[in-house]
Amino acid sequence: MIEDPNPDQAPKFAPFIGMAGIAGAMIFGCIGAAYGTAKSGIGIAGCLIPVVMSGIIAVYALVISVLIAQDLVPPSSGGHYSLFDGFMHLGAGLSVGLTGLAAGYTIGVVGDKGVRAYMEQSRVFVGMVLILIFGEVLGLYGYV
């Protein structure tokens, strides 16, 4: 006989909190990626580096969402999803999502201004790419 978990430790709404973590990661991460793509795509379309780097942020959000979703086991199959797991997954999702939002904003602003400056002076390119990498690292830190 499978022992029922303590309802105080595994309430029925605990998976909802985990799903909120998935939603937070996808919503905020994709908003950041979309903003970065839209803002840096306004400049000259020849430089695709900021656009590609913005798209990677959405991949971080997708990966963490899949990892969280793998831990969600329906109670009908004997799964035990505690409140601790729910809040841990909420924190992970919000961490990746909000850092993805910040990274997307950074890449968008730097990509827009950097591509415009590159059209005036070509030696700005290396500095622009370095600043774009630092912006991307914001999203990577949230993922790690």
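In case you wondered, yes, glycine gets a Cβ from its N, Cα and C as well.
As annotated by TrEMBL, transmembrane segment applies to 13-35 (among others).
Residues or ranges marked as transmembrane segment in TrEMBL: 42-68 (among others). Using a Cβ-Cβ cut-off under 8 Å and counting only residues 6 or more beyond its ends in the same chain, the transmembrane segment (42-68) has close neighbours at 18, 21-22, 25-26, 28-30, 32-36, 89, 92-93, 96-97, 100, 103-104, 107-108, 110-112, 114-116, 118-119, 129, 132, 135-136, 139-140, 142-143.
Per TrEMBL, transmembrane segment is recorded for 88-111 (among others). Distant neighbours of the transmembrane segment (88-111): 17-18, 20-40, 43, 47, 49-51, 53-54, 57-58, 60-61, 64-65, 68, 71, 128, 131-132, 134-143; these residues of the same chain sit at least 6 beyond its ends, with a Cβ under 8 Å from one of its Cβ atoms.
Among the features that TrEMBL reports, domain 'V-ATPase proteolipid subunit C-like' is placed at 90-144.
Tertiary neighbourhood of the transmembrane segment (123-143): same-chain residues 29, 32, 49-50, 53, 56-57, 60, 63-64, 95-100, 102-104, 106-107, 110-111, 114-115, 117, selected by CB-CB distance under 8 Å and a gap of 6+ residues from either end. The transmembrane segment annotation in TrEMBL covers 123-143 (among others).
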